[in-house]
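Structure record follows, encoded as structure tokens.
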Amino acid sequence: MKQLTILGSTGSIGVSSLAVIKANPDKFTVRALSAGYNVKLMLEQCLTFQPTYASMADEASATALRQQLAEYGCKTEVLAGVQAACELAALDGVDQVMAAIVGAAGLLPTLAAIHAGKQVLLANKESLVTCGRLFMDAVEQSDAQLLPIDSEHNAIFQSLPEQIQRQLGYASLSKHGVERIILTGSGGPFRETPVSALADMTPDQACAHPNWSMGRKISVDSATMMNKGLEYIEARWLFNASAEQMEVIIHPQSVIHSMVRYRDGSVLAQLGSPDMRTPIAHAMAYPERVASGAKALDFCQIGALTFLAPDYARYPCLQLAIDACNHGQSATTTLNAANEIAVAAFLQSQIRFTDIAAVNQHVIEQLTLPEPTSVDDVLFIDSWARQVAAQTLTHYVR
């Protein structure tokens, strides 16, 4: 029986993770849950899974949860703040930590799990986008194990030899015959929208992903393909891949979740329904297999799989991310922070869809900070970029 802490339990990945746990009660149990401000859903989760601990982002949310749990006679101990999330990530007796807090807020709790030597199911892209080398060094030093949850990275992981799976971030791809990692993306809801019409796209249109069910921030990132850009950066770190060993292609059906091309001409791919329960169940049970509840693929119903090269005029955020990755950790941290501010403004209808890339590019162009050598450096760059992005928004506000 594996004991888990779920960081970000009320988000999309957290909810899917709990669904997999519920489907396999003989294999997994919840020790702790951590979330932001969604007291209503956290209450339901605590009553269903009876964790020993739960934490909320602030004291007001924690107090509200405490009072409601007391009414139901639930004995879950409720904590508050980032430090509480870090403590739950490092709890003795916890085998796995699902790191699913969206954004830079997930950085410190995820690192706490790494430093505690946990098996970390990594769904928080920002840990690698903002901390890269620092993060991978911490993994090596603490003897923690990373298992990727993003459907693309999980697909790549499954398509790689076991020797690389056991040495994520350090194994040589070429030594094991790997020629190229092929990252696939659907192209989002605006793949066929005229470029001239993109400025008029609304938040609701951007969040209507054709294949996946996701949170609103990640849905917008999918529409701009910034999501794929962040995944590109993450893949470079996770799989120790050079720019020459990476390729991004658009695959509208989202059936092939990513591929690995080998030296002998073979291409291994992982296919499945667009359901996050599949990679979650794979990582939770690794190296075994358990039921995820995901619908089986019907190849006859799919009919055809298609592919095309990304159009960088349509997806400038993807190009920005690739360029930032080649530039260094300061640039990727800056881009990630600026993008969070820009997307939040778009979701509140303060700026236009096409302004997201413009804001991101402007902030990147202001960057003169050196490469980070500590987490504090990363957090400083992150804070600086958010301030510059917020100032930049004033030029674009509708």
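Cβ from N, Cα, C; glycine included.
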Joining Asp150, Glu152 at the Mn(2+) site recorded in Swiss-Prot, out of Glu59, Glu71, Glu231, is Glu231
In Swiss-Prot, the residues Thr10, Gly11, Ser12, Ile13, Gly36, Asn38, Asn124, Glu126 are said to bind NADPH. Which of Gly185, Gly187, Gly188, Gly215 is said to bind at that same site?
-> Gly215
Here the Cα-Cα span from Glu231 (1-deoxy-D-xylulose 5-phosphate binding site) to Asp150 (Mn(2+) binding site), rounded to a whole number of angstrom, reaches 8
Just report the maximum Cα pair distance in Å for the recorded NADPH binders Thr10, Gly11, Ser12, Ile13, Gly36, Asn38, Asn124, Glu126, Gly215, no decimals.
-> 22
Separation of alpha carbons, Lys125 (1-deoxy-D-xylulose 5-phosphate binding site) and Gly36 (NADPH binding site) (Å) | 18
C-alpha spacing of Asp150 (Mn(2+) binding site) relative to Gly215 (NADPH binding site), in angstrom | 14
When you tally the Cβ atoms that lie within 10 Å of each candidate's Cβ, which of the binding-site residues (Gly36, Gly215) has the highest tally?
-> Gly36
Out of these binding-site residues, Thr10, Ser12, Asn124, Asn227, which one has the fewest other C-beta atoms within 10 Å of its own C-beta?
-> Ser12
So Glu231 (1-deoxy-D-xylulose 5-phosphate binding site), by the Cβ count within 10 Å over all chains shown, scores 29
